[in-house]
Amino acid sequence: MGWNELVSRAESRWMEGTGPHADIVLSSRIRLARNLDDLPFPQRMSEPDTERLLQAAEAGVREINLVGFPSRVELYRLADTTPLDRQILVEKHLISPQQSKEVMAKAVAISEDEAISIMVNEEDHLRIQVLASGLQLQEAWRVASQVDDALEQRLQFAFDEQLGYLTACPTNVGTGLRASVMMHLPALVLTQQAGRLFHNLSQLGLVVRGLYGEGTEAAGQIFQISNQTSLGKAEEEIIANLEAIARTVIDTEEQARRHLYGEMRLQIEDRVSRAYGILTTARMISSEEAMRLLSDVRLGVALGVVPKIDYRILNELLVAMQPACLQRQAGRELNPLERDVRRAALIRARLSA
């Protein structure tokens with residue numbers, strides 16, 4: 001897969017909407033932070049150090065492809081890309097907002113199905129990420145562990161017998177693992193239970209963030225729930241703990257949905273129908289309004305209020321309607337009004353398909 005194909009399509013494997021509990025869990029993610037033992041952390045690297053890191057990453061990717069993953073991995077140096085294209089990767093959750101800036105010595109390796117991505121020279125030397133559809137933390141971990149093992153065949157990671165893997169941020173020291181689930185929780189928000197739930201999650205050592213992770217706000221009632229520290233626990237324990245909590249959150253959201261629909265059936269049907277009506281007829285729409293209305297429609301699909309729409313379409317729209325993706329499809333820079341017009345046209349077309 002070439003770079004142009006990568007940034008021209010809004011589809012990724014995690015958007016398929018076929019995983020367990022896809023009505024609530026958009027995706028599961030496993031991220032591993034790794035650093036080479038013979039280089040300083042990224043914040044202290046010299047220019048020769050960064051070139052050595054990029055060359056090491058290229059060698060590591062070659063090793064990954066020798067393992068025989070179903071989807072080939074390609075490495076791209078970000079200095080050779082445009083800001084617009086890098087923003088598309090942010091919108092597709094393949095790189096972080098931080099990785100898209102100051103790119104002279106940075107790279108990213110991405111598999112053809114976009115399930116695997118490896119950020120090079122972000123906060124750590126390597127950030128291995130695996131995304132899976134629905135609640136599939138164990139499957140994402142299986143793939144991430146295989147990628148990690150393949151890299152260790154070629155690279156020597158910084159590791160301490162007592163502390164574990166050494167990372168730039170102390171909260172990642174240990175396993176270097178961050179497990180997360182992206183969840184749609186409209187009923188908990190509408191019944192005003194979300195605040196209490198998030199407080200309880202923080203007491204359990206979890207953190208709740210917005211759609212694009214740290215420093216971002218929740219949009220479309222979509223939240224990212226992840227572990228906060230990785231020291232002193234095995235990878236399997238961290239993942240099992242998050243999965244158990246995710247299942248509890250799913251049960252709580254489902255109960256809230258049943259309560260809402262049982263007590264306020266007419267109001268919910270009106271809210272969902274209005275959202276569907278606007279999205280299928282509007283001639284211009286902002287990203288904020290679209291996110292809010294798509295959240296209502298997604299809830300309506302789960303409750304059977306609106307015609308059955310594939311979750312894949314709803315997931316892909318979350319990305320395809322973002323500013324960078326819209327401009328890439330247009331082949332030119334768009335002003336805000338032009339983006340709103342193209343966004344509305346895109347949503348009308350996809351929902352009526």
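Every residue gets a Cβ built from N, Cα and C, even glycine.
Annotated features in Swiss-Prot:
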- 27-31, His93, Arg127, 178-182, 209-214: ATP binding site (BINDING)
- 24-256: domain 'Phosphagen kinase C-terminal' (DOMAIN)
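Annotated features, which come from Swiss-Prot, shown on the structure.
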residue	record	contacts (Cβ under 8 Å, 6+ apart)
Ser27	ATP binding site	Trp14, Met15, Gly19, His93, Leu131, Ala132, Ser133, Gly134, Val181, Met182
Ile30	ATP binding site	Gln129, Val130, Leu137, Ala140, Trp141, Val143, Ala144, Leu177, Arg178, Ala179, Ile239
Arg127	ATP binding site	Arg31, Leu32, Ala33, Arg34, Ser96, Ile118, Met119
Ser180	ATP binding site	Ser28, Arg29, Arg31, Gln224, Ile225, Ser226, Asn227, Leu242
Local Cβ density at Arg209 (ATP binding site) - other Cβ atoms counted within 10 Å: 17
Secondary-structure category, per DSSP, in which Arg209 (ATP binding site) falls: strand
For the domain 'Phosphagen kinase C-terminal' (24-256), the mean pLDDT of the predicted model: 93
